[in-house]
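To start, the structure under review is shown below, and the notes come after it.
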Amino acid sequence: MKRPLRRPFAVLLFVVLCAAASFPSVLRRSVGPAPVLAPLPPLDPARLNATLLRLAAADPSEAPLRRDVDDLLEGRLPASSARARAWRLRGDRLHLHLRHHQFPVYRRGHHPDHDHDPLLHPLPRQELLLDPSLRRALRSWHRLRRHDPGVLRNLPSLLSLPGRIPSCAVVGNSGILLGASHGALIDSHAAVFRLNNARISGFAANVGAKTNLSFINSNVLHLCARRPNCFCHPYGDGVPILLYICQAAHFLDVASCNASSRSLHAASISVTDPRLDVLCARIVKYYSLRRFVAETGRAAEEWSSTRDAAMFHYSSGMQAIMVAVGVCDRVSVFGFGKAADAKHHYHSNQKAELDLHDYKAEYAFYRDLADRPEVVPFLNDAGIAVPPVVFYH
């Protein structure tokens, strides 16, 4: 009985082994290698450029900004303002009337003789009264917020300058300035522009000692407003400040600072023309979009998925250079750029920049501005001859 069973079992085992041996080749024939996809053809340069220009012109911050302006004009602090959120949590109920004869407004619990602290004023959403002149300024600022590259041509008159400036030095804050000994060269220019209240005391040999115009963004002024003994003019009452607005609520800081100046002859804080803001924003966004496409190979439309598009912004330094292009016959730029062995900022221990800027994109713009300004988008519609721009490293 056992012998008849052994033979069929051996035959069955042989069939199974043969099938197992042939399975990989059968699988390869049935599945086959994955087809090799041909790479996508590169996008036509003219078509890509048109896409970048179109996307750079889109402004996702316009709708929330419009709401913030409306809130202020209706006597409410914008809900998007971090300040408004803090005040709602604190529950302060101090009135603020933005009228010159009522400033400065001091923090609750502080006597005017104790601290010169004019900007720290809690503003409840329910009790905000704007001076009529501030209301007009706010309306005008928002109404002018449109694309008009011709604003560069009109900058000398907009800034109340008697004419163009023969030579300008724009001084950034990079640590590469330390040890560069550019101080005397910087001060030899007819005008020196500085950024975000950077210290010059103790650094004059490398960064110069002269300041004719200070550029800041409104976040810097607002942060100053949170500290005791905040003075609006760190370079002295006679040095004008040009400030671009990051949030509509920061108009309150500007109005407060201007109204509480320690001297009747103090230079005022001027808000940049919003048409210049729009021009700067479009140029930097274009270069950021172009960098994104070149480095990732992805569609330009996907750029916004990697950044907070509504908060994306150019730097104070970029706008300072743009103003210099508009008002100066010759522009020298110092303290822009990074080095592995250099501090981030020459005057502080800050380690990195904010994500809302794209500095690599701005550096690409600077290279084009210095070497081939005719290719810079939007700038070529400004109707001006771009002056010589030299970057010192």
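Placed from the backbone N, Cα and C atoms, the Cβ positions cover glycine too.
Feature annotations, courtesy of Swiss-Prot:
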- ASN49: N-linked glycosylation site (CARBOHYD)
- ASN212: N-linked glycosylation site (CARBOHYD)
- ASN258: N-linked glycosylation site (CARBOHYD)
- 1-8: topological domain 'Cytoplasmic' (TOPO_DOM)
- 28-393: topological domain 'Lumenal' (TOPO_DOM)
- 9-27: transmembrane segment (TRANSMEM)
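Swiss-Prot feature annotations superimposed on the structure.
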residue: ASN49; record: N-linked glycosylation site; DSSP class: helix
residue: ASN212; record: N-linked glycosylation site; DSSP class: coil
residue: ASN258; record: N-linked glycosylation site; DSSP class: helix
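Among the glycosylation sites ASN49, ASN212, ASN258, the residue whose Cβ has the fewest other Cβ atoms within 10 Å is ASN49. Cα to Cα, ASN212 (N-linked glycosylation site) and ASN49 (N-linked glycosylation site) are separated by 38 Å. Here the Cα atom of ASN258 (N-linked glycosylation site) is found 43 Å from that of ASN49 (N-linked glycosylation site). Mean pLDDT across the topological domain 'Cytoplasmic' (1-8) comes to 50 in this model.
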